[in-house]
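Below is one structure, written out as structure tokens, with a few remarks after it.
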Amino acid sequence: SVTVVVLLLLEKDPTFWNTWAQRSLRSALDLQELNKNMAKNLILFLGDGMGVPTITAARILKGQLLGQPGEETQLEMDKFPYVALSKTYNTNAQVPDSAGTATAYLCGVKANEGTLGVSAAAVRSQCNTTQGNEVTSILRWAKDAGKSVGIVTTTRVNHATPSAAYAHCVDRDWYSDGEMPQDALDTGCKDIARQLFENIPNIDVIMGGGRKYMYPKNTSDVEYPMDKKLNGTRRDGRNLVQEWENRMKGKRAHYVWNKSSLLSLNPSNVDCILGLFEPADMPYDLERNQDTDPSLTEMVDVANNILKKNPNGFYLLVEGGRIDHGHHDGKAKHALYETVEMDRAIGRAGLLTSTYDTLTVVTADHSHVFNFGGYTPRGNTIFGLAPMLSDIDQKPFTAILYGNGPGFKLVNGLRENVSTVNYEENNYQAQSAVPLRMETHGGEDVAIFAKGPMAHLLHGVKEQNYIPHAMAYAACIGQNKDHCRFYPNSYMRDISGVLIL
């Protein structure tokens, strides 16, 4: 396009780069004036599996979707002034899982892989190690401080990431009592779906998938009544959605299960919402039915407009949860489009809030063994081929590759020739070095981006469990409150509504 030609011509002139760098320098100098306001609102965007290579590749994809070369594009998260690195290991795992990491960045305590909202003294799948080892989350701290709280995810609302915000469970797979062993039920452990409604009364906004875990076994799904695999899973006979609706009677509360019902609501007339849009995870954004399932951006928009009515502010956890699933499947195209959609949601939240009183943090729980390389030229389609053949097997290869995963394929005992398949197709599985049914997480540090009050506390290389401590400090919730009476914009009220000066 003409724009691309002009850009590439401009880049040949040193003035272009010098001017851009000087502009960036002036922006950096402005940061010497630290934003030490109190954070009325806290938003955490969690890209599940969004390692640094995923961020870079998604940046290029975003630009290419706009008709640009892509490398020079800025993601919304790229515009945040403060960046740190997060060390993601679990207490018993060098390469972590999403449950132990969620406990770290939500509860402020590192934990064992597979466990949620419990300390490292709890042992995965051993129910009797739960009691006494529970740890609370920043969502709980915010609720206790009189703030509104919300959870928005593209996975099940009882999946690993959101669950650590409200549950105390020694096994991330105990979605409902239908997935629990009898001995755990006999010992008194509760499934995660039940804990969503019982542990923290009145979470103001809950949106995502996971309908089937809320209904009795064999109850047909409202949207897919003929598909038995999507029936309810509960063995205790409880209908958790009906129980929620009964409890919320007389309040401005709504249960919705499709996009039109969600978008027909006027957020100014809604105080609580339960939105369960799929029986399990929500579909990949590339496959989403745009008439029936809301996008992450649409859910964030509604959530923000409901939560912001509280004069004490809010805490909102937003998960782009299917970035991770795309990578596990070896389907980089899905992973990257999910990342671009989460970035779009970050932009929407930025328009609806102000850095004066809202601390926004973007991070990942862990990375993946995903990468791209091969000396590709400027503007090469991110899903395209490297510009040369392998000098070993004389075959082409895609820029995107995985260290392990389902994309390993031999034809007549040799590496598949990718030029014989459609490597830009949505469900193409990029080649991997080691064959596995599911690609694995990566163990390197992940990025933390921050903007708003006290965002400068997120700098350097930090343990992952530091994140909620810094966020809570900025908002005067949780255990660090001694500094709070000295904030220039102190607005906090106690739960009775009395202004604390």
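Keep in mind that glycine also has a Cβ here, set from the backbone N, Cα and C atoms.
No curator has checked TrEMBL annotations; they are predicted automatically.
The active site, phosphoserine intermediate annotation in TrEMBL covers SER98. Sequence-distant neighbours of SER98 (active site, phosphoserine intermediate) (same chain, 6+ apart, CB under 8 A from its CB) are ASP48, GLY49, HIS159, ALA160, THR161, ARG172, ASP324, ASP365, HIS366.
Residues or ranges marked as Zn(2+) binding site in TrEMBL: ASP48, ASP324, HIS328, ASP365, HIS366, HIS441. Within 10 Å of the C-beta of HIS441 (Zn(2+) binding site) we count 22 further C-beta atoms, all protein chains included.
Taken from TrEMBL, the feature Mg(2+) binding site applies to ASP48, HIS159, THR161, GLU319. There are 31 other CB atoms within 10 A of the CB of THR161 (Mg(2+) binding site), with all protein chains counted.
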Note on Zn(2+): the CB centroid of ASP48, ASP324, HIS328, ASP365, HIS366, HIS441 has further same-chain residues inside 8 Å, namely GLY49, ASP97, SER98, ILE323, HIS327, ALA364, SER367, HIS368
Lowest 10 Å Cβ neighbour count of the binding-site residues HIS159, HIS328, HIS366 is held by HIS328
One should report the C-alpha separation between HIS328 (Zn(2+) binding site) and GLU319 (Mg(2+) binding site), rounded to whole angstrom, as 17
